[in-house]
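This report concerns only the one structure given below.
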Amino acid sequence: MALKQVSSNKCFEGFQKVFEHDSAELKCKMKFGIYLPPKAETGKCPVLYWLSGLTCTEQNFITKAGFQQAAAEHGLIVVAPDTSPRGCNIEGEDESWDFGTGAGFYVDATEDPWKTNYRMYSYIKDELPKLINANFPTDPERMSIFGHSMGGHGALILALKNPGKYKSVSAFAPICNPIQCQWGKKALGGYLGPDTSKWEAYDATQLVKAYSGPRLDILIDQGKDDQFLSAGQLLPDNFIAACTERKIPVVFRLQQASCFCSPRSQGYCFGYDHSYFFIATFINDHIKHHAKYLSA
């Protein structure tokens, strides 16, 4: 499968690149970012896949998260794909920010008119890794996954549905129980139809209840002042309860900033939210988490 290089930038002695290719799974052109650490020039490296959230492209993570220095130090190739098919000319795909373009939800759609193109689950699980392994100096046996929000949901379900495929998983503010939140109900209903029993196959809280694979240590960071946490879109407590019941290790860190309000601030002091400022603050911890499991 042919790759077209879109950009290449030297970064911490490695290269941050973006490529475009024709996707057989999604029936459209797709872009992905890939960071190649200096170690990739002399040997094979483990691969860490990042899944972004609603409205994002491959650009958000590679330009805002600041992960490249840690990836260079640990010798990790980091791949950041787009979040949905693009330009499929499906009626309604650009009408809302939380469904359609930029909102693939990492599922394989079964409903018309989405089922031909909106197959992000299979794209991330199968097509993209095959493409990466065929074109870059990777070690296919050492692969992990992480993500943010909708992408955190994607990372969790991919790890839980494919025991042993990923050495580790982590997430920032993931949508943990989509069958119980408005984002999830809209997306899963639209892509999978009205039968809610089908939705459970893409819900981390439901999947962890039946997980029986190798030990999977899960790291989740959540901002205390995340507006979507308070709005009931993320529901991490449900996931943590399910993990506790099944004795599956999960480190959940509710991150809150120390407050040094001055009289001039009039008490307007906020903690970590849902943004990439939050992600950039703790990204090195996540890179280290994965490096621990990906080291030879």
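Positions of Cβ are set from backbone N, Cα and C atoms, glycine also.
Taking all protein chains in view, 25 other C-beta atoms sit within 10 angstroms of the C-beta of Ser149 (active site, charge relay system). Sequence annotations record features per position, and here TrEMBL assigns active site, charge relay system to Ser149 (among others).
Using a 10 Å Cβ-Cβ cutoff, Asp226 (active site, charge relay system) registers 23 neighbours. As annotated by TrEMBL, active site, charge relay system applies to Asp226 (among others).
Of all Cβ atoms in the protein chains displayed, 21 besides its own lie within 10 Å of the Cβ of His274 (active site, charge relay system). Annotation source TrEMBL lists active site, charge relay system at His274 (among others).
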Rounded inter-Cα distance in Å - Asp226 (active site, charge relay system), Ser149 (active site, charge relay system): 11
Inter-residue Cα distance where the pair is Ser149 (active site, charge relay system) and His274 (active site, charge relay system), in Å: 8
